[in-house]
Amino acid sequence: MHEKCGVVGVSLADRAAARPLYYALYALQHRGQESAGIITHDGFQQHSHVEMGLVGDAFDPADIASLNGSNGIGHVRYPTAGSVDSSCAQPFSVSFKSGSLGLSHNGNLVNAGALRDELAGLGHAFTSDGDTEVIAHDLARNLLDSGLVEAVERTMGKIHGSYSLTVMHDDRVLGLRDPQGNRPLCLGELEDGYVLASESAAIDALDGELIRDVRPGELVVLDPDGSGYSTYRLTTLDHTAHCFFEHVYFARPDSTIDGKLVYEVRRELGRKLWAENGIDTDVVMPVPDSGRAFASGYAEAANENEGSVEFAEGLMKNRYVGRTFIMPTQDERERAVRLKLNPITSTVEDKTVTLIDDSIVRGTTSTQLVELLRDVGASEVHLRIGSPAITAPCYMGIDMATREELIAADRTVEEVRETIDADSLAYLSPGAIADALDTERDDLCMGCITGEYPYDIDGEPTDRPVRQPVIADD
Ligand code: AMP
């Protein structure tokens with residue numbers, strides 16, 4: 001399961017939650033395009049609308065009007081290659097003896113199987129193979145004999161992996177971030193209530209104010225009348241495991257995540273890329289849009305030091321082509337890159353070019369682009385990448401390809417350069433990422449570049465002393 005998603009929750013004084021949730025999901029659309037959903041609660045009952053497709057297609061005005069109540073949660077789900085499965089669309093909802101529950105999950109549990117087996121043994125029936133349903137059932141069970149905070153704490157003691165959740169228990173909206181804070185989640189204030197969202201750009205879309213990030217291991221409970229919130233730090237660990245790739249690629253550049261504006265982080269990474277591996281060429285150009293902030297920081301640093309690098313757009317992006325990454329075959333992925341990006345001849349012809357992107361995963365994009373730039377007359381093509389080489393899969397929720405598909409998994413930098421056919425290739429160092437984020441390497445999840453993970457994943461080494469909880473009937 002690769003659940004790289006966007007979550008939101010709002011509690012308002014006396015306004016329907018559906019429309020603000022809908023706008024927030026629009027702002028989080030980049031985090032998931034497979035399905036979109038909203039669940040609200042009107043004080044008596046839940047209302048739900050979950051549909052496959054983009055936010056704009058999933059809801060019509062009648063759907064929004066039918067979602068009554070001033071409290072609610074929403075979700076956008078990331079597409080995975082292969083089958084599109086509506087049973088995994090979210091928010092997930094379940095009614096049980098002590099009320100109704102709705103869950104929106106971003107992340108990936110690594111012990112969902114064990115927990116599912118335990119709950120199935122106790123008579124719980126599951127309708128999907130997703131890990132969110134497992135969390136929902138465990139929480140529902142705990143709520144039968146515990147108060148809300150204690151029930152969440154008990155569930156938290158059993159689940160292992162990355163999760164940022166917005167949850168609705170009857171009309172109460174909560175936000176929960178895993179003890180290592182892998183996936184982002186933040187809290188904001190609106191004129192007439194409060195909001196929890198994966199990224200602050202969703203709070204901006206509602207004219208709200210970002211209050212702060214939800215802390216790792218923290219539960220935030222919104223008052224159903226929109227008047228305030230309570231917070232509970234349920235666990236505190238020595239180190240966090242924030243996902244650096246949110247800053248590099250996934251999050252919107254206009255979002256603030258864990259106290260840092262993503263755009264500024266990317267520009268700083270670009271500056272460091274120049275400092276570590278700058279090369280003098282006629283022109284510096286980004287791969288749009290993923291390389292843009294990196295390239296502007298890189299060119300700025302180059303000009304401070306050398307004086308005369310031209311920063312130009314050399315590739316035009318067709319914004320109507322979806323993500324090439326999720327195309328099922330290599331042939332289709334290559335075709336899609338050519339459809340998506342077309343060169344601007346005047347900036348490329350007879351020039352030495354530095355092409356900047358955030359990351360190389362399978363190598364499809366960079367191989368295609370180097371060839372394309374050479375075809376239109378670039379005399380040299382140098383690649384500079386704003387993150388370290390990705391050599392291992394992500395188990396924490398980013399759809400990153402398997403180890404066999406990763407171009408750098410079993411190649412040296414020189415071998416990758418050769419495969420891509422660039423004149424030179426350089427990546428950014430892991431240390432530069434930690435520096436740009438003003439943090440320690442130990443506080444970041446770098447599993448995809450080191451192959452060692454901050455979670456206890458079957459068959460993989462860990463980078464810190466972590467253990468899956470022992471699952472036993474309590
Ligand atoms: P690839 O062509 O497989 O090497 O993928 C690299 C390109 O895809 C870069 O332009 C990245 O900006 C982008 N990318 C990186 N990670 C992901 C991801 N998890 N999902 C979709 N696109 C990605």
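We number each residue from 1, going along the chain as drawn.
Placed from the backbone N, Cα and C atoms, the Cβ positions cover glycine too.
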According to TrEMBL, ASP357, ASP358 bind Mg(2+); which one of SER290, SER424, SER429 is annotated to that same site?
SER290
Which binding-site residues, if any, among CYS243, SER290, ASP357, CYS445, CYS448 have a Cβ under 6 Å from ligand 1, given in order along the chain?
SER290, ASP357
Roughly how many Å lie between the Cα atoms of CYS448 ([4Fe-4S] cluster binding site) and CYS5 (active site, nucleophile), rounded to a whole value?
18
If one measures from the C-alpha of ASP358 (Mg(2+) binding site) to the C-alpha of CYS394 ([4Fe-4S] cluster binding site), what distance in angstrom results, rounded to a whole number?
17
Neighbour count (Cβ, 10 Å) for CYS394 ([4Fe-4S] cluster binding site):
20
Measure from the Cβ of SER290 (Mg(2+) binding site) and count the other Cβ atoms within 10 Å, all protein chains considered.
19
From the Cα of SER290 (Mg(2+) binding site) across to the Cα of CYS445 ([4Fe-4S] cluster binding site), what is the distance in angstrom?
21
I want to check the contact list for CYS243 ([4Fe-4S] cluster binding site): same chain, sequence separation of six or more, C-beta distance under 8 angstroms. What comes out?
SER162, ASN182, ARG183, PRO184, PHE250, MET396, GLY397, ILE398, LEU444, CYS445
